[in-house]
C-alpha cells in the first residue's frame, strides 16, 4: 500500500531501471530510505524511523519502560514496529513485553486473543500501535468486550493520528491515548476551492462523479435507483460542506508540497539548462532522470503551510510531528495537541489527562524501583525486569546492581546505602564487669598491706620468725602484684599498659608459687634427708631459699623479655571479637595484642610452678602438723587448683560469646585475686590472729641443738611411729620448733637459718 502511494510502477527494479524520480506525499515506510534499492525515491513526509524515535521519546518521557506492540501485517505496520524496537534498543532502558501481529484476514476471535495476550502481563499497560484504521477499531472493541476499559494506554502512529472513525462509539476505551501525526496545517484556500466544486465545473476529474454519489448518498442515473432501496436520485443542487459533512484530508498539505517540490526542481533545471528560453530546449527534450533527481534533492523552499521543504541524502523530509492526546472533559471529546517533536521531544505534561480522571501518570514498568539498600537482580533476557535483593549483613549498596562488603572497621548504615565506623568499646571502670573484680582487688590489697604491716611490727617474734620471714615477704609481694594486676587489666589499653600487663600478669603468680614451691621443696628435702641421715640437707638457709626463689622467678621474666623482642607490645582494635550477625550490635574492642594462646603461654609457667608445688604439698602431707606450714600450703594448693580448673572452661567456653571481652577479663582477674586470697587467708591470717589476739602463744619454746632434735625425731619414728619418746610427741615438736625458728645453739653459739 505504501509503495503504491509513492510510485506509479509496482516493481522497484523497474523504477531503478527507468530512472524516473518520484516524490511521495504519504509513504512513510522506513525501507524506502534505502538508496541502494530506491535511489530515485523522495518524499515530503518523514519516514517512520523518525516517528518511531518520537514514540520512543514519548514513552521514556512518561517513564514507561515496559510496553507491548501491535502491528498490522504488512509493510507499514511491521516496519513501524521494527523501527520502534530498533530505536528502543539503541536508546536502552525500554523492553517489549509482547509483540503481536494482526493478520491481513483475521479470523473470528483473533482480536480477543490479542487482548488476552496483551493482558498476560498486567504491568505492561502501554501498547504501541502501528495498524490501519479498521484494525485499531476492532482492537478497541475487543478490549471493551474484555472489560479492560482504562487499563491500556494506547500510543498510536500516524495511521491513527486524530481520526474519529477508529474510536467511534468506543471513546472511553480510547481515553488517554497518545497519537502522533506529521506536523501539518489545514489549507484554507483548498477548502474554498473544493467546496465550490460541482458536477458542472469539475468535469475534467473522471472520479468526481463517483465521489459525488458516495458523498451525498444518491445516484446520478435514474435507472440505477431501485424502488425501496432508500437511495435517491442526485439533483445536482447538492453542495459539499452544506448538504454533507466535510473535513479536509490531512495529507493535502503534503500533496501540494510534493507538487511544488517537483515544480521547483524542474524550474531550477530549466534555468540551468535552458537559460533565457521559454519552453523546453533541446537539453530538456529528453529529461535525464539522474540529473532531475539531483535538482529535486537540492530544492529548499517554504511550503504551503510555512514549513521548509528539504530532502536529506536519502530523499527523506525532516521529522516534524505533532503529538495529540484523546481526552474526555465533561462528556466532550477531543484530540488535544500536547506537544511536538522536531529532532527532540517537547511535551506539555500539564495538558495531559488520564482515564478515570487520575492525575498521576499511569505506570507501565516491569518492576518497581528497589528501595534504598537493595540491588537489582536482572531477569535474564529482560533488562527492564528485575528482582530486588536486600544488601544484608555487612553489605551496602555500592550501585544499582551491586552489594559490597563494608571494610572490616565499618558497618552498614541504617538503610545499607553506605558504611559507618564501628563503635569502639573497652571495659569501663563503671561497668558491673569491672566493679566486682576491683572491689575484690581493693579488699585484697588492704588485707595484704595489713599483714605486711603486722609482720614488720612483730618481725622478731617467734611466729613471724617461724614462718620464714624472707620468703614470707617475697610471697606477700607476689600476692600484692596478683591483686594489682586487676587494675592493669581494666585500665584503657595503650602501649604502656599493654607492656605492664605482659610483665605483671604472670609475674605476681610466678613470685607467689615460686616462694611456695621453695618452701615445700625445703620441707620435703629435710624429711627425706632425715630418713637417711641426721645431718641437715644443703641449701635450706634463708639466703639459699631466696636464690632458688629468684631463680625460678627469673625464668618468667626471661620469657617475657623474649616475647617483647619477638613481638613488641601494642594496643589494637579487634573488630572480630564482637562482629555479630546483626551489624547494629557490632563493636570494635580496644585491647592489648594478647591472644588466648599467648595468655595461656604467659600463665603456663605459673601453672607449672603451681602444679609442682601441689605435688610437693602432697608428698609432705605426713609431716608434723606444725612443721613449717606444710599442711596449710597443701590446702592452699588444692584450693588454688580447683579455682584454676574452674577458670579454664569458663574462659575458653565464652570465646564465641558477644560478651567475651567482659567475661574473660572478669574471670581472669577474679581467678588471680582468688588465688592470692587463698594464699593470704590460709597461710597468714592464722598467724596474724595469734600475733594480735593471743600474744601469750607467741613465745619461744625450749631450744636444743638441731642434731639432738633430729636424732630424737628419728628414734621416735623408729620405735613409736604414732608418738614421740615423750608424751604428746615432744621430740617432734622440738624438731619442728628447731627447724621453724631456725634458731639453735650449736657449739655454744646461736645459729640461724639451718
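Cβ from N, Cα, C; glycine included.
In TrEMBL, the annotation transmembrane segment applies to 597-618, one of the ranges 597-618, 707-728, 729-750. Checked against TrEMBL, the range among 391-410, 411-430, 471-490, 531-550 recorded as transmembrane segment is 471-490.
Same-chain residues lying 6+ beyond the ends of the transmembrane segment (630-652) with a Cβ under 8 Å from its Cβ atoms: 516, 519-520, 523, 596, 607, 610-611, 613-614, 617-618, 620-621, 623, 663-664, 667-668, 671, 674-675, 678-679, 682-683, 686.
Confidence for the domain 'G-protein coupled receptors family 3 profile' (433-707), expressed as mean pLDDT, is 84.
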